[in-house]
Each structure stands twice: as C-alpha cells, then as structure tokens.
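Enquirer: Would you mind keeping the following structure in view while I ask a few things?
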Amino acid sequence: FDFCQAEGKKRPSENLGQVLFGERIEPSPYKFTFNKKETCKPVCTKTYDTTKPEDKQKLDFLKKSMLLNYQHHWIVDNMPVTWCYDVEDGQRFCNPGFPIGCYMTEDGRPKDACVINSEFHEKDTFYIFNHVDIKIYYHVVENEALGARLVAAKLEPKSYKHTHPDNPDCSGAPMDISNKANGEVKIAYTYSVSFKEEKAIRWASRWDYILESMPHTHIQWFSIMNSLVIVLFLSGMVAMIMLRTLHKDIARYNQMDSTEDAQEEFGWKLVHGDIFRPPRKGMLLSVFLGSGTQILIMTFVTLFFACLGFLSPANRGALMTCAVVLWVLLGTPAGYVAARFYKSFGGEKWKTNVLLTSFLCPGIVFADFFIMNLILWGEGSSAAIPFGTLVAILALWFCISVPLTFIGAYFGFKKNAIEHPVRTNQIPRQIPEQSFYTKPLPGIIMGGILPFGCIFIQLFFILNSIWSHQMYYMFGFLFLVFIILVITCSEATILLCYFHLCAEDYHWQWRSFLTSGFTAVYFLIYAIHYFFSKLQITGTASTILYFGYTMIMVLIFFLFTG
C-alpha cells in the first residue's frame, strides 16, 4: 500500500511463530512524545496523477482495499491501537484495527465503516480515513521510580479534505475520491494525539477491555455443556457394555464344570485366535501412530501452558513458537511408539520404519508449506517466509527431531515386543457376511460424527482467529474441549470396535485408527463451508493458500485423533 513510510528505521525483529504466521511489524512515521499534545500534525502528502499508469494503478489498489474493508493494525508498546464504537444493545465494541476507508455504493448505501459519518453521502465514492485522533491512556506508577505506563491506546478515524496540505487545520469536508475521478488526487495524512491519565486500569490487566468487547463466551458454555452430554452418553454406553458383557461371561465361565458346554462360544470370543493377526500395511499404521503420539503430546503441553497464561495474545507468536519447538523435541516418543507397534506387528524392516517416522508426515507438511511459501513469494507478499527461516526450520527438523526419533526407535526396538495374551491361529478365520452398520465404511463414517460434534463451535472461533484476525484467548475452554475430544474419540472407537468384534470381524487395527481419524474429514468439510459462507476471498492464489494451509491442519488433526 502506498501510505507514509518511516525513514531509515530498522524493522523490529520477530520470533519464529510470527514469521511462520506471516506477521510482520513495520516501523511507523507517526511520532509521539509522552504527554506532548499534538493537533493536526502532517505526516506526508501523496499525490496521484491519474493520467500516469503507475499512479492510477496505486490509486485503484487503494480503492479495491477500501471496497474489501482492509484494516490498519497499529501497535503502541505491544498494545493494539483499538477503534471503539457503539454496537446494538448499548454495547461498545473495540476493534483492534481500523479500516483504510469505505465506499458509498451507486445507489447511496453506505458500506461497512461509512455508516459512522452522515457527511459521507456522495454516491459511488470512496472516503479515505486520512486523519486519526489518537488518545493514549496512561497511569503513573506510584511506588516505584517516577514513570508512567501505557494502559490503553484508542483512536477515531476521520476523513478531511485538507485545503492547505502544508498547514492543515483538520476541519471541513471529508476526503472523497470519486470512482470516476480524473486528474490529480491529493491525499494528505495527518494525526492528532492526546494523553489522558487513567487511574482505574492496572498495567497487568490492560488487555481486558479488548477481550471484554469480544462476545461469544455464553456460546462457549453452551457448546461445552453440549459436548459434556455427548461424553456422558458415550461413557455410559461403554461402561454398560463392558460391565454387562464381562459380568455375564465371567459368570458363565464360573458355572462351567463339564467341558462339553465350553464349545458354544459366541460373538467376540470366536475370534480370539485371529485378534492379534498383524494388520495389512502395518508399517504405515505404526508410522501414523508414532507421529500421532508426537502431535498429541505437543498439543497437550502447548494448551496446558496456554491455560496457565504463558502464551497470551500479548506475547505475539508465542503459541506457534511453543508448538514448533515442542514438536521438534518430541521426536523420541514418536520413534519409540512407532518402533514398539511395528515390532509387535512382526515387522523386520526397522530402518525403513525409523526413516518413515522421521520423514513421512513432517515431509508432507513441509512440502505443502514450501509450496504455499513459493506462491506467497511469487505474489510478492510480505507474509512470505525468508530463505533463512526455512533453512532454520529444516535445521531444527534434521539436526534435532530426526536424531531424537532415532534414539526413541532404538529403545523401542530393544524392548521385547508387546506380549499378546492369546496365540494367533495359523489359518485365518473366515469373516461372516456383515450387516450394513458393521461394514468398515459406514462404521468409520459414523465414528467421526460424535467427536466433531464436540469441537465444531470451538472450531468456528479458531478459524476466525486464523483467517479473520480476531483475538483468540479462550484457552481454558479450548483445553476443556481438547480433553473432551480425546475422551470422545477413545470411547466412540471402543464402542464401534466392540460392535464389529461381536460381528466376528477381527480387522480392528486400521478401523480403530480411522474411526476417530475420520473426524478430520468432517473438519475439512467444515473448513470448505466456512470458506464459502464466511470469507470473501477472491483470486486463485488466495484460494490455493487457504486450502493449502487447511490441508496441513487436516493432516495434523487426522494423526492426532487417530
């Protein structure tokens, strides 16, 4: 965008999480001195001559951004500068950004932010917010050395057509850019700043006013109750089945004296000679289990820290950095779990197993990420990740994660294979004709519904925070939902596994992985629905980016739930 640039200041450095999420912080040309009031101070003037093609292109780009309601995001002392306005029910909403400008349609309807001023009435016209009134609230620290701390920064965007750009007075008509404007367009950017002492807000709780104006906590409680009901229902079912069947069976075995009665076994006891037959493609299953364990522990620890408040939105990029570092350090459990399962499946090719655990799932994610980065780089986006960071990520992966995976696998293969309580028969049993709901596919599709029902409201807020730049701070809720999700996945799988073992189908390993793993497919469907219903994304590159990043999330989620 062609706004005022700050001269010669170097950019603040970002941490790994910010770089990966494409957050770039630029120095600003708006200069404040503490407690020094400024009124209508000029920053710079931009002139566009629409007869010149490059000027026209810049102006058209500005217009397009106003049409799509693009926002400025400003930071003072690590606090977002917010624009607070009244919404319905007498509530104040504080937006951590403010629009570049707004558009009046051809039939004179105001779009987005144009409703704030009745002077915006020209049809088919853009109004640019070229002046801001900034109010900085501080409180003086009483007991320590003399000094003041910033507790809030708010602004009001205004639009003025400055008649004398060199000596502006910030009054008069708004700065309108007609859609059909020709000739020269001059936009002068100005600002006013005032300071106000605010004794009521403590420095530690200065984020509260932004978070309070974000609604939706009551929806959260509703969704948590909804999920808890599902969990109770499932737990009841599992407990009932376990108690009833096991109780019955044990009672029946205790009554048996003579041997001829022991022949009439039924249901899941018929398959005891086949139950531990190694699954088809056991290599892939063990690799998935290893990677899934890695992601499960990573998510648990990250959310636990977030709950304790270490990863609040105030530490920018902390969440992502924490997750990546944990993932790298958790190579050992991945290697260990994969090796244990592979050995118990009777696998011999342990080298292939270790290499696949280290490279298959991370490789897919990295390849996807790299392609997305190429697209960003081709579009000239500021969110493209610099080459140095990519090298750093590869170094983390190859020099830390891979050796740790090898260590884990070494211990996994050294231990004896998991002992099975029953021997496997030489000849596989024939599986009888299955009814519709114990066939593999319907069972898997049914299995994903319940876990997805637990998380989908939370998912809406997470997607909003990723794509619509809303703050996400409800980590307490998220941790609860995470625990509920883990329980629901396990219980739904146990239930369905029991049903198809009763139907004498003993291929349970892949089915139990895919039953809850299918939640990821519902997640994908939801993400597609979100894309079409909530986001106004145009252009091929943006669409590819959305689905590219969504696929990474879906894969991680698949391994995690499975």
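Including glycine, each Cβ sits where the backbone N, Cα and C put it.
Under the heading transmembrane segment, TrEMBL lists 221-243, 284-311, 317-342, 354-377, 383-413, 444-467, 473-501, 513-532, 544-561.
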Enquirer: Where, among 221-243, 284-311, 354-377, 383-413, 444-467, do we find the most CB pairs under 8 A to the transmembrane segment (473-501)?
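Expert: Selected stretch: 221-243, with the most Cβ pairs under 8 Å.
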Enquirer: Hey, which bits of the same chain come close to the transmembrane segment (513-532), Cβ under 8 Å, at least six residues off its ends?
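Expert: Counting only partners 6 or more residues beyond its ends, the transmembrane segment (513-532) has Cβ contacts under 8 Å with 285, 288-289, 443-445, 447-449, 451-452, 455-456, 459-460, 463, 467, 489-490, 492-493, 496-497, 543, 546-547, 550-551, 553-555, 557-559, 561-562.
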Enquirer: Quick one: do the transmembrane segment (317-342) and the transmembrane segment (383-413) reach 3+ CB pairs under 8 Å, ignoring pairs fewer than 6 apart in sequence?
Expert: yes
Enquirer: For the transmembrane segment (444-467), name the stretch out of 284-311, 383-413, 544-561 with the most CB-CB pairs under 8 Å.
Expert: 544-561
Enquirer: Do any residues, 6 or more residues outside the transmembrane segment (284-311), come within under 8 Å Cβ-to-Cβ of it, and if so which ones?
Expert: 318-319, 322-323, 326-327, 330-331, 333-339, 341-342, 345, 347, 353, 356-357, 360-362, 405, 475-476, 478-479, 482, 486, 509-510, 513, 556, 559-560, 562
